[in-house]
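Undergrad: Pulled these features from TrEMBL for this protein:
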DOMAIN    41-287  domain 'G-protein coupled receptors family 1 profile'
TRANSMEM  23-47  transmembrane segment
TRANSMEM  59-78  transmembrane segment
TRANSMEM  98-120  transmembrane segment
TRANSMEM  140-158  transmembrane segment
TRANSMEM  205-225  transmembrane segment
TRANSMEM  237-258  transmembrane segment
TRANSMEM  270-289  transmembrane segment
Amino acid sequence: VSMENKNNVTEFVLHGLTQDKTVAKVCFSIFLAFYVTIILGNLLIIITIKTMEQLNSPMYFFLSYLSFLDICYSTITAPKLIHDLLVEKKTISFVGCIAQLFAGHFFGCTEIFLLTVMAYDRCIAICKPLHYTNIVTKRVCGGLVVASWAGGFVHSMVQTLLAIQLPFCGPNEIDHYFCDVHPLLKLACTDTYIISVSVAANSGVISLSCFVVLVVSYAVILVSLRARSSEGRLKALYTCASHITVVVLFLGPCIFIYMRPSTTFSADKMVAVFYTIITPMLNPLIYTLRNEEVKNAMKKLWSRKV
(Lines of atoms letter the chains of each structure in order from A and count residues from 1; the text may use other names and numbers.)
(Lines give C-alpha, C1' and ligand atoms only; values in the text may rest on other atoms or scores of the structure.)
Protein backbone atom coordinates (compact mmCIF):
# COMPACT_ATOMS: atom_id res chain seq x y z
CA VAL A 1 0.00 0.00 0.00
CA SER A 2 2.77 2.43 0.90
CA MET A 3 4.52 1.69 -2.39
CA GLU A 4 1.32 2.34 -4.37
CA ASN A 5 0.81 5.66 -2.58
CA LYS A 6 4.38 6.68 -3.25
CA ASN A 7 4.37 5.83 -6.97
CA ASN A 8 1.91 6.35 -9.77
CA VAL A 9 3.55 3.57 -11.79
CA THR A 10 1.74 0.24 -11.34
CA GLU A 11 3.54 -1.63 -14.11
CA PHE A 12 6.64 -1.44 -16.27
CA VAL A 13 6.96 -2.02 -20.00
CA LEU A 14 9.99 -4.09 -20.97
CA HIS A 15 11.68 -3.49 -24.32
CA GLY A 16 12.90 -7.08 -24.40
CA LEU A 17 15.80 -8.35 -26.48
CA THR A 18 14.53 -7.19 -29.87
CA GLN A 19 11.65 -5.32 -31.50
CA ASP A 20 12.04 -7.20 -34.80
CA LYS A 21 9.28 -9.85 -35.03
CA THR A 22 11.26 -12.15 -37.33
CA VAL A 23 14.32 -12.05 -35.08
CA ALA A 24 12.05 -12.52 -32.05
CA LYS A 25 10.64 -15.78 -33.47
CA VAL A 26 14.15 -17.11 -34.09
CA CYS A 27 15.22 -16.07 -30.58
CA PHE A 28 12.13 -17.78 -29.14
CA SER A 29 13.20 -21.16 -30.55
CA ILE A 30 16.81 -20.67 -29.48
CA PHE A 31 16.11 -19.58 -25.91
CA LEU A 32 13.41 -22.20 -25.42
CA ALA A 33 15.98 -24.84 -26.39
CA PHE A 34 18.52 -23.21 -24.06
CA TYR A 35 16.11 -23.21 -21.12
CA VAL A 36 15.10 -26.85 -21.64
CA THR A 37 18.81 -27.73 -21.77
CA ILE A 38 19.42 -25.84 -18.51
CA ILE A 39 16.64 -27.70 -16.70
CA LEU A 40 17.45 -31.18 -18.03
CA GLY A 41 21.25 -30.83 -17.81
CA ASN A 42 21.32 -29.53 -14.25
CA LEU A 43 18.63 -31.98 -13.10
CA LEU A 44 20.72 -34.82 -14.53
CA ILE A 45 23.74 -33.69 -12.51
CA ILE A 46 21.67 -33.39 -9.30
CA ILE A 47 20.09 -36.84 -9.76
CA THR A 48 23.45 -38.43 -10.62
CA ILE A 49 25.20 -36.97 -7.57
CA LYS A 50 22.36 -37.83 -5.18
CA THR A 51 21.99 -41.37 -6.57
CA MET A 52 25.55 -42.59 -7.12
CA GLU A 53 27.54 -43.34 -3.96
CA GLN A 54 30.94 -42.75 -5.56
CA LEU A 55 30.07 -39.06 -5.89
CA ASN A 56 29.76 -38.38 -2.16
CA SER A 57 32.77 -36.06 -1.79
CA PRO A 58 32.36 -32.37 -0.80
CA MET A 59 33.18 -31.26 -4.35
CA TYR A 60 30.10 -33.02 -5.73
CA PHE A 61 28.00 -31.93 -2.77
CA PHE A 62 28.73 -28.31 -3.74
CA LEU A 63 28.26 -29.10 -7.44
CA SER A 64 24.73 -30.38 -6.81
CA TYR A 65 23.83 -27.10 -5.11
CA LEU A 66 25.44 -25.15 -7.97
CA SER A 67 23.21 -27.01 -10.44
CA PHE A 68 20.15 -26.27 -8.28
CA LEU A 69 21.07 -22.57 -8.20
CA ASP A 70 21.53 -22.54 -11.98
CA ILE A 71 17.99 -23.87 -12.41
CA CYS A 72 16.56 -21.28 -10.00
CA TYR A 73 18.59 -18.38 -11.37
CA SER A 74 17.72 -19.00 -15.02
CA THR A 75 14.04 -19.53 -14.13
CA ILE A 76 13.87 -15.98 -12.79
CA THR A 77 14.42 -14.50 -16.26
CA ALA A 78 14.25 -17.15 -19.02
CA PRO A 79 10.49 -18.02 -18.98
CA LYS A 80 9.52 -14.33 -19.00
CA LEU A 81 12.02 -13.63 -21.79
CA ILE A 82 10.70 -16.55 -23.87
CA HIS A 83 7.08 -15.47 -23.36
CA ASP A 84 7.80 -11.82 -24.20
CA LEU A 85 9.44 -12.75 -27.52
CA LEU A 86 5.98 -13.71 -28.83
CA VAL A 87 3.88 -10.84 -27.45
CA GLU A 88 3.52 -7.26 -28.68
CA LYS A 89 3.40 -5.52 -25.30
CA LYS A 90 5.85 -6.81 -22.69
CA THR A 91 4.67 -5.73 -19.26
CA ILE A 92 5.46 -6.63 -15.66
CA SER A 93 3.68 -5.35 -12.56
CA PHE A 94 5.49 -3.15 -10.05
CA VAL A 95 5.37 -5.90 -7.42
CA GLY A 96 6.44 -8.51 -9.98
CA CYS A 97 9.36 -6.31 -11.00
CA ILE A 98 10.57 -5.92 -7.42
CA ALA A 99 10.14 -9.67 -6.81
CA GLN A 100 12.19 -10.46 -9.93
CA LEU A 101 14.90 -8.05 -8.81
CA PHE A 102 15.04 -9.66 -5.35
CA ALA A 103 15.07 -13.25 -6.64
CA GLY A 104 17.67 -12.50 -9.32
CA HIS A 105 20.12 -10.97 -6.86
CA PHE A 106 19.36 -13.63 -4.25
CA PHE A 107 20.18 -16.63 -6.45
CA GLY A 108 22.93 -14.83 -8.37
CA CYS A 109 24.80 -13.68 -5.26
CA THR A 110 24.35 -17.08 -3.58
CA GLU A 111 25.95 -18.67 -6.64
CA ILE A 112 28.94 -16.31 -6.43
CA PHE A 113 29.42 -17.24 -2.76
CA LEU A 114 29.10 -20.94 -3.58
CA LEU A 115 31.71 -20.67 -6.35
CA THR A 116 34.01 -19.05 -3.79
CA VAL A 117 33.35 -21.89 -1.35
CA MET A 118 34.16 -24.40 -4.09
CA ALA A 119 37.52 -22.67 -4.66
CA TYR A 120 38.28 -23.01 -0.93
CA ASP A 121 37.35 -26.69 -1.14
CA ARG A 122 39.75 -27.28 -4.05
CA CYS A 123 42.48 -25.39 -2.22
CA ILE A 124 42.22 -27.63 0.85
CA ALA A 125 41.93 -30.80 -1.27
CA ILE A 126 45.12 -30.04 -3.22
CA CYS A 127 47.24 -28.31 -0.56
CA LYS A 128 46.32 -30.52 2.43
CA PRO A 129 45.15 -33.83 0.98
CA LEU A 130 45.93 -35.84 4.14
CA HIS A 131 43.84 -33.54 6.35
CA TYR A 132 41.11 -32.86 3.78
CA THR A 133 38.47 -35.20 5.21
CA ASN A 134 39.04 -33.82 8.73
CA ILE A 135 38.82 -30.17 7.63
CA VAL A 136 36.01 -30.30 5.06
CA THR A 137 33.49 -32.42 6.96
CA LYS A 138 29.79 -32.81 6.17
CA ARG A 139 29.01 -30.32 8.92
CA VAL A 140 31.43 -27.78 7.46
CA CYS A 141 29.99 -28.30 3.97
CA GLY A 142 26.47 -27.75 5.25
CA GLY A 143 27.55 -24.64 7.14
CA LEU A 144 29.26 -23.18 4.06
CA VAL A 145 26.18 -23.76 1.91
CA VAL A 146 23.91 -22.16 4.54
CA ALA A 147 26.32 -19.20 4.80
CA SER A 148 26.17 -18.80 0.99
CA TRP A 149 22.36 -18.70 1.06
CA ALA A 150 22.39 -16.25 3.98
CA GLY A 151 24.89 -13.98 2.23
CA GLY A 152 22.79 -13.99 -0.94
CA PHE A 153 19.67 -13.11 1.07
CA VAL A 154 21.32 -10.16 2.84
CA HIS A 155 22.70 -8.81 -0.44
CA SER A 156 19.37 -9.08 -2.26
CA MET A 157 17.49 -7.49 0.66
CA VAL A 158 19.82 -4.47 0.55
CA GLN A 159 19.42 -4.10 -3.23
CA THR A 160 15.64 -4.47 -3.00
CA LEU A 161 15.23 -2.01 -0.12
CA LEU A 162 17.28 0.54 -2.05
CA ALA A 163 15.05 0.08 -5.10
CA ILE A 164 11.59 0.14 -3.47
CA GLN A 165 12.18 3.50 -1.78
CA LEU A 166 12.57 5.18 -5.18
CA PRO A 167 9.63 7.24 -6.51
CA PHE A 168 8.49 6.34 -10.03
CA CYS A 169 6.25 8.86 -11.78
CA GLY A 170 6.90 7.94 -15.42
CA PRO A 171 8.07 7.03 -17.96
CA ASN A 172 7.77 3.33 -17.14
CA GLU A 173 9.68 1.74 -20.03
CA ILE A 174 12.67 -0.44 -19.12
CA ASP A 175 15.23 -1.00 -21.87
CA HIS A 176 15.93 -4.55 -20.74
CA TYR A 177 14.29 -7.98 -20.73
CA PHE A 178 14.04 -8.21 -16.92
CA CYS A 179 13.93 -5.89 -13.91
CA ASP A 180 17.28 -4.95 -12.43
CA VAL A 181 18.67 -2.17 -10.27
CA HIS A 182 20.40 -0.02 -12.89
CA PRO A 183 17.41 0.23 -15.30
CA LEU A 184 15.12 1.10 -12.36
CA LEU A 185 17.48 3.81 -11.12
CA LYS A 186 17.34 5.32 -14.60
CA LEU A 187 13.53 5.68 -14.31
CA ALA A 188 13.40 7.13 -10.79
CA CYS A 189 11.99 10.66 -10.42
CA THR A 190 14.70 11.81 -8.01
CA ASP A 191 18.43 12.22 -7.65
CA THR A 192 19.78 8.65 -7.45
CA TYR A 193 23.47 9.42 -6.91
CA ILE A 194 23.65 8.25 -3.27
CA ILE A 195 21.55 5.15 -3.95
CA SER A 196 23.54 4.26 -7.07
CA VAL A 197 26.79 4.55 -5.08
CA SER A 198 25.26 2.32 -2.38
CA VAL A 199 24.17 -0.24 -4.99
CA ALA A 200 27.62 -0.27 -6.59
CA ALA A 201 29.31 -0.50 -3.17
CA ASN A 202 27.09 -3.39 -2.09
CA SER A 203 27.74 -5.34 -5.28
CA GLY A 204 31.36 -4.21 -5.47
CA VAL A 205 32.31 -5.33 -1.98
CA ILE A 206 30.86 -8.79 -2.59
CA SER A 207 32.38 -9.18 -6.07
CA LEU A 208 35.79 -7.90 -5.00
CA SER A 209 35.95 -9.93 -1.78
CA CYS A 210 34.93 -13.12 -3.60
CA PHE A 211 37.37 -12.35 -6.42
CA VAL A 212 40.20 -11.86 -3.90
CA VAL A 213 39.39 -15.16 -2.16
CA LEU A 214 39.34 -16.92 -5.54
CA VAL A 215 42.68 -15.42 -6.61
CA VAL A 216 44.32 -16.20 -3.26
CA SER A 217 42.98 -19.79 -3.32
CA TYR A 218 44.41 -20.48 -6.75
CA ALA A 219 47.66 -18.67 -5.95
CA VAL A 220 48.11 -20.97 -2.93
CA ILE A 221 47.31 -23.96 -5.16
CA LEU A 222 49.89 -22.92 -7.76
CA VAL A 223 52.56 -22.38 -5.11
CA SER A 224 51.88 -25.78 -3.51
CA LEU A 225 52.11 -27.50 -6.91
CA ARG A 226 55.71 -26.36 -7.42
CA ALA A 227 56.93 -29.19 -5.19
CA ARG A 228 55.01 -31.88 -7.10
CA SER A 229 55.86 -33.86 -10.22
CA SER A 230 54.64 -32.69 -13.62
CA GLU A 231 52.05 -35.48 -13.64
CA GLY A 232 50.79 -34.43 -10.21
CA ARG A 233 50.56 -30.81 -11.32
CA LEU A 234 48.56 -31.68 -14.43
CA LYS A 235 46.15 -33.84 -12.45
CA ALA A 236 45.58 -31.12 -9.82
CA LEU A 237 45.15 -28.38 -12.42
CA TYR A 238 42.77 -30.60 -14.38
CA THR A 239 40.46 -30.87 -11.36
CA CYS A 240 40.43 -27.06 -11.04
CA ALA A 241 40.00 -26.26 -14.72
CA SER A 242 36.22 -26.75 -14.75
CA HIS A 243 35.73 -24.52 -11.74
CA ILE A 244 38.00 -21.77 -13.11
CA THR A 245 36.06 -21.82 -16.40
CA VAL A 246 32.71 -21.46 -14.62
CA VAL A 247 34.03 -18.64 -12.42
CA VAL A 248 35.31 -16.68 -15.43
CA LEU A 249 32.05 -17.19 -17.37
CA PHE A 250 29.81 -16.17 -14.46
CA LEU A 251 31.74 -13.69 -12.33
CA GLY A 252 33.28 -11.80 -15.26
CA PRO A 253 29.98 -10.53 -16.74
CA CYS A 254 28.60 -9.85 -13.25
CA ILE A 255 31.57 -7.62 -12.43
CA PHE A 256 31.09 -5.78 -15.76
CA ILE A 257 27.42 -5.09 -15.00
CA TYR A 258 27.43 -4.32 -11.27
CA MET A 259 30.85 -2.90 -10.37
CA ARG A 260 30.26 0.49 -11.96
CA PRO A 261 28.12 3.61 -11.44
CA SER A 262 24.44 3.56 -12.36
CA THR A 263 24.82 3.71 -16.13
CA THR A 264 23.38 1.50 -18.85
CA PHE A 265 25.18 0.40 -22.01
CA SER A 266 23.78 -1.10 -25.21
CA ALA A 267 25.82 -4.26 -24.53
CA ASP A 268 24.21 -4.81 -21.10
CA LYS A 269 21.40 -7.01 -22.42
CA MET A 270 23.77 -9.31 -24.28
CA VAL A 271 26.07 -9.55 -21.27
CA ALA A 272 23.05 -10.30 -19.05
CA VAL A 273 21.95 -13.09 -21.42
CA PHE A 274 25.40 -14.59 -20.94
CA TYR A 275 25.28 -14.90 -17.14
CA THR A 276 21.53 -15.55 -16.77
CA ILE A 277 21.11 -18.17 -19.51
CA ILE A 278 24.31 -19.15 -21.35
CA THR A 279 26.44 -19.90 -18.28
CA PRO A 280 23.78 -21.99 -16.46
CA MET A 281 23.41 -23.97 -19.70
CA LEU A 282 27.16 -24.52 -20.11
CA ASN A 283 27.86 -25.50 -16.48
CA PRO A 284 26.57 -29.10 -16.81
CA LEU A 285 28.56 -29.54 -20.03
CA ILE A 286 31.72 -28.09 -18.48
CA TYR A 287 31.55 -30.32 -15.41
CA THR A 288 30.58 -33.52 -17.27
CA LEU A 289 32.81 -33.25 -20.34
CA ARG A 290 35.90 -32.57 -18.21
CA ASN A 291 35.12 -34.97 -15.37
CA GLU A 292 35.54 -38.72 -15.86
CA GLU A 293 33.96 -39.56 -12.49
CA VAL A 294 30.73 -37.76 -13.38
CA LYS A 295 30.63 -39.28 -16.88
CA ASN A 296 31.18 -42.79 -15.51
CA ALA A 297 28.53 -42.25 -12.83
CA MET A 298 26.05 -41.08 -15.48
CA LYS A 299 26.78 -44.18 -17.59
CA LYS A 300 26.18 -46.43 -14.58
CA LEU A 301 22.97 -44.56 -13.73
CA TRP A 302 21.76 -44.90 -17.32
CA SER A 303 22.59 -48.63 -17.49
CA ARG A 304 20.80 -49.13 -14.14
CA LYS A 305 17.67 -47.37 -15.42
CA VAL A 306 17.76 -49.35 -18.69
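Each Cβ is built from the backbone N, Cα and C atoms, and glycine gets one as well.
Give me the lay of the land around each of these features.
TA: Per-residue confidence over the domain 'G-protein coupled receptors family 1 profile' (41-287) averages 87 (mean pLDDT, predicted model).
Counting only same-chain residues 6+ beyond the ends of the transmembrane segment (23-47), those with a CB under 8 A from a CB of the stretch are 16-17, 63-64, 67-68, 70-71, 74, 78-79, 81-82, 85-86, 277-278, 280-281, 283-285, 287-288, 294, 298, 301.
Taking Cβ pairs closer than 8 Å, the transmembrane segment (140-158) reaches residues 58, 61-62, 65, 102-114, 117, 120, 198, 202-203, 206 in its own chain, all 6 or more past its ends.
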Undergrad: Counting a contact as 3 or more Cβ pairs under 8 Å, with residues at least 6 apart in sequence, do the transmembrane segment (270-289) and the transmembrane segment (59-78) touch?
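TA: The transmembrane segment (59-78) and the transmembrane segment (270-289): touching, yes.
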Undergrad: For the transmembrane segment (98-120), could you work out the same-chain residues 6 or more beyond its ends whose Cβ comes under 8 Å from its Cβ atoms?
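TA: Result: 59, 62-63, 65-66, 69-70, 72-73, 76-77, 80, 92, 144-145, 147-149, 151-153, 155-157, 159-160, 163-164, 178-181, 184, 206-207, 210, 213-214, 217-218, 243, 246-247, 250-251, 254, 275-276.
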